[in-house]
Amino acid sequence: MSASVAVYRNIYTEDRFKQAYGSDDSTSGSLRLREKLAGRCRCSKRACLHLLSERVPIFNWLPRYRLKKWILGDTIGGLTVGILHIPQGMAFALLTSVAPIFGLYTSFFPVVLYMFFGTGRHVSTGTFAVVSLMTGSVVEQLVPTPLEMNSSSSEAADFEAQRIGVASAVALLSGIIMLCMFGLQLGFLSTYLSEPIVKAFTSAAAFHVTVSQIQSMLGLRLPRHTGTFSLFKTLASVMENLPHTNMAELLISMVCLAVLVPVKEINMRYKKRLRTPIPVEILTVIIATGVAYAFSLDSSYNIEIVGHIPAGFPKPRMPALHTFPDIAGDTVAITFVGYAVSVSLAMIYADKHGYSIHPNQELLAHGISNTVSSFFTCFPSSATLATTNILESAGGYTQLSGLFTSLVVLIVLLLIGPLFYFLPKAVLACINVTSLRQMFLQFQDLPELWRISKIDLMVWVVTWLSVVVLNVDLGLAIGVVFSMMTVICRTQRAGCSVLGRASNTEIYRPLENHSKCYEVPGVKILTYNGPIYYGNRSFFREEMSRLLGLTPEKIRSREKARKALEKRERDATVSTVERGIANTLFSSENEFFKSEETDVQAVLIDCSSVSFVDVAGARLFTQMCTECQKVGVHVYLANCNESVLKILTSSGLMTYMNPQHIFVTVHDAVMYIQQQKEKPPENTTTVWV
């Protein structure tokens, strides 16, 4: 059963509609500005408490904490993640090219700080493979590994101090950048790293991580390659040195992979049935450490072990501030990657569990975490994929789970850390590789991207290839630039269509897709599906000229004929002697314009899809209006938003166009044009749908 609607109302131009339903913009605008300034400048106890709860969210959620309902989930989730942080922190420290103990520090301080300042209830912060890899590249560039160095000498201690000084400087500068972005409220910048870019980047970075760990898994002592084509340089170096493989470390790696991969697969497939995932990483670390100690593998088979891990808290130490000029460019990329991944993860779980996060507050949380942690010999941290997923699946509810996570790491730092002296580094390399499972599985998104958007698929592929072939930093930059170029190209080549009317309705649709719609006689209704700015003004002009059939030659011929007709009309009033000749000439001109009556007499531009217009676009409107007037075609506008209308008005378009030719809807304009032909007594219209 179909329903019909009858609408009977006045025809509304923009001016008439504003007079009837608008408001005084100047008064309301000034009042709103005054109220905003007064609200910001007002100082009261309530305002201070509100600001405190906004900037330190723990004061907002902790008083409303449901102890009986949430404490068990937060405890189990926090303890589970804390156990995973121990091997993962030490493993990712190797990616950062620093000693494993600094990975434990980075798994403690940022977790505590995020608990106070973060808004993501299910976000687990700490060491992240991609951020660690990028930081490690910076460390290797500034403090390269010497080919020969006595690990027990003071030279080795100075070398490690230099490296952690550079890594801490990256963390400090990253935190300062985030705090500056928070002050400028630039949380929206993370949107420039779209989902295809982030997924392709992390997936490609996983290949870099895997290749960088091959030498540790084979027991090869090789320098780490950085810069462009680093992945292929590392592979070539490994292939050249395959004869020098330490068979004992290769065997350890194979056994670890044989244990880690299946158990991790079990954890993923049966995570709904398992109350907590099997802590296979920490079990592997404990068993491997015990075996290496029992059989003295370091001295018997020359395997590389973690070595001394000091117990206790680190002393505050100033990062290597003098390296800021050298690390600035890389740190910007590290900051954006860490923040984009953190916000993306927080948003995913916030949407899943029905709460909201605040991107700018996340900037503050991660900025404070990195800034403060850098003074305690920590390298850059962010939210992590694996631990966040485990925290949510283990039943974590709030940020309080970070307290239990940090307690586990604290116990290791104070008591258990030195016991990992004999832990083989090959085991940590295997943990690094197996922790990348989720990143490798992002290839599964490609068929869906192919089905939904070919352009997003191109962004994914270009970003992935750039990161794998060139380098992590450069590949990310290429991916961002390419993604923005696709947006620019889409706005430059937005579609321009002729609209037709559906019979007995006020609905207008493109004729190319709706063959049963008809074109209003004498009126060409055009729509442009994009902004009109300096980048696409030429394309917009070409499309409009093509659809209207207004070539420069045609404009000149019509203008010349019109001027000739006007001149002969003036001559006819002065001289009656040549009336017969004049009539003959007039008849020829009248026949010319009579033939043009079948052409366009009015152009109506539907601006509903025009999001913005710049100065170049506004001048183009003026130019088109002038050209149409030369050939006797009137120009009308409809569905202009406030910003577009304001720019067109300010640019002087109303000097060349009647302000009463701007209408609220396309149908209002069409009814007005038809009434002007028929000259009806009232400006009303009836629309039957």
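In case you wondered, yes, glycine gets a Cβ from its N, Cα and C as well.
So that you can see what the record holds, here are the features copied from TrEMBL:
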type	residues	note
DOMAIN	513-673	domain 'STAS'
TRANSMEM	92-117	transmembrane segment
TRANSMEM	164-184	transmembrane segment
TRANSMEM	247-266	transmembrane segment
TRANSMEM	278-296	transmembrane segment
TRANSMEM	331-351	transmembrane segment
TRANSMEM	403-423	transmembrane segment
TRANSMEM	457-482	transmembrane segment
At a Cβ cut-off of 8 Å, and with pairs 6 or more apart in sequence only, do we get at least 3 pairs between the transmembrane segment (403-423) and the transmembrane segment (247-266), yes or no? no
Ranked first among 247-266, 331-351, 457-482 for CB pairs under 8 angstroms with the transmembrane segment (164-184): 331-351
Between 92-117, 247-266, 278-296, 457-482, who has the most Cβ pairs under 8 Å to the transmembrane segment (331-351)? 457-482
Long-range Cβ contacts under 8 Å made by the transmembrane segment (278-296), restricted to residues 6 or more beyond its ends, are 80, 83-84, 86-88, 90, 252, 256, 259-260, 263-264, 266-267, 303, 305, 419-424, 427, 430-431
Outside the transmembrane segment (247-266), at least 6 residues beyond either end, the same-chain residues with a Cβ under 8 Å of its Cβ set are 216-219, 278, 280-281, 284, 288, 297, 301-304, 424, 426-427, 429-431, 433-434, 437
Integer mean pLDDT for the domain 'STAS' (513-673): 77
